[in-house]
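See below for the structure under consideration.
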Amino acid sequence: MSEIPEKVRKRVASLRDELDYHNHRYYVLDDPEIPDAAYDALMRELQDLEAKYPELVTPDSPTQRVGGAPLKAFEEARHLLPMLSLDNAFEEADVLAFEKRIRDRLGEESEIEFAVEPKLDGLAISLLYEDGHLVRGATRGDGATGEDVTANVRTIRAIPLRLQGRGWPKLLEVRGEVYMDRAGFEAFNREAASRGEKVFVNPRNAAAGSLRQLDSRITAKRPLTFFAYGAGHVEGGELPDTHAAVLDALAEWGQRVCPERDVVTGAAGCLEYYRRIGERRDGLPYDIDGVVYKVNRFELQQRLGFVSRAPRWAIAHKYPAQEQMTLLRDVEFQVGRTGALTPVARLEPVFVGGVTVSNATLHNMDEVERKDVRIGDTVIVRRAGDVIPEVAAVVLSRRPHNARHVVMPTHCPVCGSEIVRSEGEAVARCSGGLYCAAQRREAIKHFASRRAMDIEGLGDKLVEQLVDAGLVDHVDGLYRLTAEQLAGLERMGEKSAHNLVDALEKSKHTQLARFIFALGIREVGEATARALAIHFGGLDALMAADEEALMQVPDVGPVVAHHVATFFQQPHNREVIDALREAGVHWEESEPAALQAEDLPLSGNTYVLTGALESMTREEAGDRLMALGAKVSGSVSKKTTAVIAGEAAGSKLAKAEKLGVPVLSEAEFLELIGE
């Protein structure tokens, strides 16, 4: 017998302690601290060491048992047959070796038939039916003894309280998985967050926490569901002789079984099924972490038997982990095309979801604070399919004493403009909309759009080319373009280039309302832009207005007033506006309506325009109404003064008639405005 190195003994002892700790958190507290992949890695390391040094194997090793002892808060429920876990396969070679072990043990020359199904990420339970009636529901617990959760199980509508059909045994144990599907999980978390309550990290935690509530009324409010995956103890009757046929029978008796189940032949069939489900994994309505292969014929299962903690006739083939632990090195802030700031975690590179991840989104500062993410933390990173990797949770037990809080910058990391965050909003934004390089593409596209400066021929793709070629940095750069520069772009001939230069020249003569809208100020749509233009009469007066003055404008509240004032306070934005004026952009200014707003004839009235007018556009009609002190709304309500209906008026007219709101014809509208 070879001497066992002391460091091996210490490592084995350390692994057992760590696995026992995580067993307790996972099986007993239902509050796992590390992802399944990290636990699996620890277990495999211990298995490998015990295989190499069998003298170190002890009866209490985590490799020799299923889990930990159940909590005492529920009554104990002893299983009539042990509920064992499954061994795992991570690579194709593991599946081939699994099949070879089976064939060697059975002495089979022909290929083995396997029942295959997705491995749901939920909570395993046992349902006991006596004379067709549900009499007990129990968690797996340590495999021999679980917890009696009958009252909670009865609240899950996917679980029948009475079996259907006929032919079921007098005593039948159904085994399956309680889980929360993705839609239910997301809806539950949204509602919990809106109430300021705790949200769950993932559907598995949500299912486990919900099923183990001491008050079944709480469980009843949670969107739990169930899939049966097999039968356990049976008395007073017989079941079919294959696993697949048993699932079919359970379905006939009213149990919910997974529609993705199948029967395949040999390891090749198993691997093809693994690939097929893997391709559809992200589109399934529930989370899975692998697929399960079971020898289909029970007679062969009985011949194969069990090892200490798992059956020889089944294995779980895991997909690349969608969650992993790693170190959060730093947090940086990215500026999106609309100016939104997103905190991004810079990570110690980790392999997760099939790729190496070194960056992950933290979404916004509300999420950072809710999860209490700090620089230096060990975090759980999640990546599913093509979804951007995210920091799902913090492993608080591994937080170092020098972990640093994440601090939101006060100025844009791209352009230096002030960062603003409106009350009640999760997202902070850069206020340098016209100047910020991160926002330039969207700013130029909006500026050129039909309802803004209406630059004919300047579409989104051409804007992309102009920015990529370095010809335009900010919107004022559009008016410095030459036909020669434009002709050199892809799909831009000499004629098209001259046409665009002419369109740019034509757009210089505009309306103040259009120009204000073209600036892309947050929350300022066409109607608000018109209201601002009418109220102040000129751009200089608008730029000089403080928030209090802005709130005197019809339909402008504190949020919009703050956005407008902040926009014009930024030196970079003012520089771009000055450059546009120097380039020749101009409009006709008027006397500010603010001087006599309360005395205007339509002050206090609200109108809605619908259909096509013959005498003017709806936009022009709205300007006339606002010039007379009225508000123009896009929707009809009981507070609407009247609806002005042109030709082909639509649903707004119908709603006005339903609410009893007066309807004016075009002739009545012209009379109203004095024309």
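Each Cβ is built from the backbone N, Cα and C atoms, and glycine gets one as well.
Here Swiss-Prot flags LYS119 as active site, N6-AMP-lysine intermediate. Counted within 10 Å of its Cβ, the other Cβ atoms near LYS119 (active site, N6-AMP-lysine intermediate) come to 22, all protein chains included.
Proximity of ASP36 (NAD(+) binding site) to non-local residues of its own chain (separation of 6 or more, Cβ distance below 8 Å) is seen for ASP289, ALA321, GLU323, given in sequence order. What Swiss-Prot records for ASP36, ALA37, ALA38, TYR39, ASP40, SER85, LEU86, GLU117, ARG140, GLU177, LYS294, LYS318 is NAD(+) binding site, and it gives sequence analysis as the kind of evidence.
Reduced to three states, the DSSP call for CYS415 (Zn(2+) binding site) is coil. Per Swiss-Prot, Zn(2+) binding site is recorded for CYS412, CYS415, CYS430, CYS436.
Annotated domain 'BRCT' per Swiss-Prot: 597-675, in sequence order, evidence recorded as sequence analysis. Across the residues of the domain 'BRCT' (597-675), the predicted structure has a mean pLDDT of 84.
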One of the recorded positions LYS119, CYS412, CYS415, CYS436 has its Cα closest to the Cα of ALA38 (NAD(+) binding site), namely LYS119
I want the residues beyond CYS412, CYS415, CYS430, CYS436 whose C-beta is within 8 angstroms of the mean position of the Zn(2+) site's C-beta atoms, in chain order.
VAL335, GLY339, PRO413, VAL414, GLY416, SER417, SER431, GLY432, TYR435, ALA437, ALA438, GLN439, HIS572
Could you state the whole-number distance in Å separating the C-alpha atoms of ARG140 (NAD(+) binding site) and CYS436 (Zn(2+) binding site)?
57
Need the DSSP three-state call for CYS436 (Zn(2+) binding site) to compare against my parser.
coil
Output the one of ASP40, LYS294, CYS430 that, of all these binding-site residues, has the highest number of other Cβ atoms within 10 Å of its Cβ.
CYS430
